[in-house]
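**Q** Right, I'll just put the structure down here and ask away after.
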Amino acid sequence: MAKQAKNKLPKELMASAWVLAFGAVAPMLDSTMVNIAINKLQSDLHTSLNTIQWAITGYVLALAIAVPICGYFVNHFNGKKVLQWATVSFGIFSLLSGQAWDVQTFILFRIFQGFSAGFVILLMSTLLMRLAPRDQIGQLMAVVSTPIIIGPIIGPVIGGAIVQYASWQWIFYINVFFCIISLLLNIKFLQDFEPMNPKSRLDWFGTLLLAGGSTGLIYGLMRGSENAQHFFNREMLIFVTLGVLSFVIYAIYDRLRKGDTVLPMRFFKTKSYLAANAGIFLAGIASNGPMLLLPLYFQNIRDFSVMNAGLILLPQGLGMFLVRPMLGKLIDQLGARPVVLVSLVVSLAGTLPFVFIQADTNLWLLGVILFIRGLGIGGLQMPMMTEIFVGLPKSDIASASVGNRIIQNVGASFGSAVISAVVTGVVLSNHITTKVTAHAKVLSDQLMTQAAATHTMPTTTALANLKMQVMSYGEHLTKVATLNGYQMGFLVSSVVLVVIAIPAMFMSNKHSA
């Protein structure tokens with residue numbers, strides 16, 4: 001009893017932990033709710049999948065850029081005030097995202113919203129670590145992981161209900177309500193956090209180089225996919241070259257500064273750090289890409305309502321929820337390698353079947369596959385996150401954590417971009433317009449031949465039937481091409497899962513001799 005009382009968390013500490021956790025609920029829900037609404041956003045904003053996916057890619061890229069800048073603010077200012085500012089900023093840009101008048105302003109507001117969310121999410125863990133005694137960090141981390149766990153489970157359902165029964169704008173307006181409550185709780189229950197290191201400086205140049213390099217590569221990829229006949233077009237080559245050049249300049253810059261940068265290259269000389277970050281980057285493609293495709297498949301191919309599309313994704317979130325509590329013990333007992341490898345096999349078993357899905361695939365079967373996929377994807381990132389710090393001195397842990405968060409978020413944004421590029425490329429390569437035009441000509445010639453044989457002009461009814469047949473044929477071709485694109489996207493994700501096994505083999509294994 002005495003030991004239990006000793007390990008019991010103080011009420012004041014729990015109150016602060018729950019305030020921090022509640023503050024992260026809106027940003028975590030937001031990303032999953034937008035995924036389910038992407039089809040409606042594409043329709044209402046009159047744009048393509050390649051363009052609207054920047055609402056997701058830009059959001060996650062902004063999260064990555066926010067990481068080092070947030071660290072600078074926490075070092076120089078009161079952490080409580082920084083969190084209040086970030087919460088207000090997230091609420092303002094959520095409101096503006098709902099008020100966006102075209103796709104360009106929508107993406108712009110989403111980028112600023114993502115930047116604010118990056119602050120909120122990072123501050124949640126950073127401030128908690130400053131609050132918690134070392135022997136109680138695990139218990140408190142279980143508290144703040146709540147929004148991370150519930151996001152994939154209830155986010156699609158809430159988002160689907162909002163889009164179906166209200167409008168997509170309310171996905172963003174609801175954030176304002178969360179932000180107001182979070183701000184009031186922050187003011188009343190959260191203690192002040194004095195600046196950690198006022199003398200520290202922010203590596204602006206290094207941060208801009210990494211952001212520019214990532215954006216250049218992703219944008220170049222998108223420009224290439226928009227022209228199925230000429231993927232390696234001039235614009236694509238220019239942006240990819242600029243992206244690669246930014247990374248090369250960063251490597252030189254890091255060498256000149258002897259590793260005193262936002263992401264020191266010396267960390268990658270550590271086998272575990274290199275392997276884990278390579279795995280995390282690839283996992284972003286393997287997990288985030290299908291997260292974009294699954295709602296689109298159920299809405300565009302199965303003609304599900306947005307609400308039903310959210311409900312059918314529940315098994316995946318449930319799988320992620322169930323596997324999470326057992327991961328910590330497994331990693332401690334076995335090491336990262338076996339946990340990652342098993343998770344990869346399970347993830348592959350839950351992703352590869354989607355390569356062969358059709359418009360009439362049994363829903364119960366899909367539910368089981370989604371549950372299996374949730375179990376696998378849910379077990380991928382945590383062991384790799386713990387592997388990052390193996391072999392690093394304590395003095396490097398803070399910088400290594402910042403670098404990892406950047407790589408994690410860039411990988412996630414790269415995943416959305418890669419998969420949408422693949423889908424767009426496949427759809428365009430089907431030449432739907434050309435096929436529909438040819439089909440219309442065949443039907444028109446048949447109609448005119450019949451009219452000539454009877455020496456009459458085609459009736460209004462006959463012309464209307466011709467139009468309906470052409471439209472129906474076009475819709476059929478579009479649906480088939482889109483399904484082929486989704487299948488190819490899932491195939492790419494499956495291949496990436498197999499590739500992750502390579503860096504996984506270099507991770508720790510506590511049962512190895």
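Backbone N, Cα and C atoms are what each Cβ position is placed from, and that goes for glycine too.
All annotation found in TrEMBL is predicted automatically rather than curated by experts.
This is the feature table in TrEMBL:
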DOMAIN    16-512  domain 'Major facilitator superfamily (MFS) profile'
TRANSMEM  52-75  transmembrane segment
TRANSMEM  82-101  transmembrane segment
TRANSMEM  107-128  transmembrane segment
TRANSMEM  140-164  transmembrane segment
TRANSMEM  170-190  transmembrane segment
TRANSMEM  202-221  transmembrane segment
TRANSMEM  236-253  transmembrane segment
TRANSMEM  274-298  transmembrane segment
TRANSMEM  335-357  transmembrane segment
TRANSMEM  363-385  transmembrane segment
TRANSMEM  406-428  transmembrane segment
TRANSMEM  486-507  transmembrane segment
**Q** Hey, which of 52-75, 170-190, 335-357, 363-385, 406-428 has the most Cβ-Cβ pairs under 8 Å against the transmembrane segment (107-128)?
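**A** The stretch with the most contacts is 52-75.
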**Q** By Cβ distance under 8 Å, which residues at least 6 away from the ends of the transmembrane segment (236-253) in the same chain are close to it?
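**A** Beyond its ends, the transmembrane segment (236-253) has Cβ neighbours at 205-206, 209-210, 212-221, 223-224, 227, 261, 265.
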**Q** Determine whether the transmembrane segment (274-298) and the transmembrane segment (486-507) share at least three Cβ pairs under 8 Å, counting only pairs 6 or more apart in sequence.
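**A** The transmembrane segment (486-507) and the transmembrane segment (274-298): touching, yes.
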**Q** Determine whether the transmembrane segment (486-507) and the transmembrane segment (202-221) share at least three Cβ pairs under 8 Å, counting only pairs 6 or more apart in sequence.
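**A** Contact criterion not met.
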**Q** Take the C-beta pairs under 8 A between the transmembrane segment (335-357) and each of 82-101, 170-190, 202-221, 363-385, 406-428. Which stretch has the highest count?
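**A** Looking only at 82-101, 170-190, 202-221, 363-385, 406-428, the most contacts with the transmembrane segment (335-357) come from 363-385.
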**Q** When you scan the chain for residues with a C-beta under 8 Å from the transmembrane segment (406-428), skipping those not six or more beyond its ends, what do you find?
**A** 48-50, 53, 56-61, 63-64, 67-68, 118, 210, 214, 217-218, 221-222, 224-228, 231, 262-263, 277, 280-290, 292-293, 381, 478, 481-482, 484-486, 488-489, 492-493
**Q** As a test of reading the model: what is the averaged pLDDT for the domain 'Major facilitator superfamily (MFS) profile' (16-512)?
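**A** Average per-residue pLDDT within the domain 'Major facilitator superfamily (MFS) profile' (16-512): 80.
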**Q** Taking a Cβ cut-off under 8 Å, which residues six or more beyond the ends of the transmembrane segment (52-75) line up next to it in the same chain?
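**A** Residues packing against the transmembrane segment (52-75) from afar: 31, 34-35, 38, 41-42, 45, 82, 86, 103, 106-107, 110-119, 121-123, 126, 193, 195-198, 200-203, 207, 210-211, 214-215, 218, 222, 262, 288, 292, 398, 402, 405-406, 408-410, 412-413, 416-417, 420.
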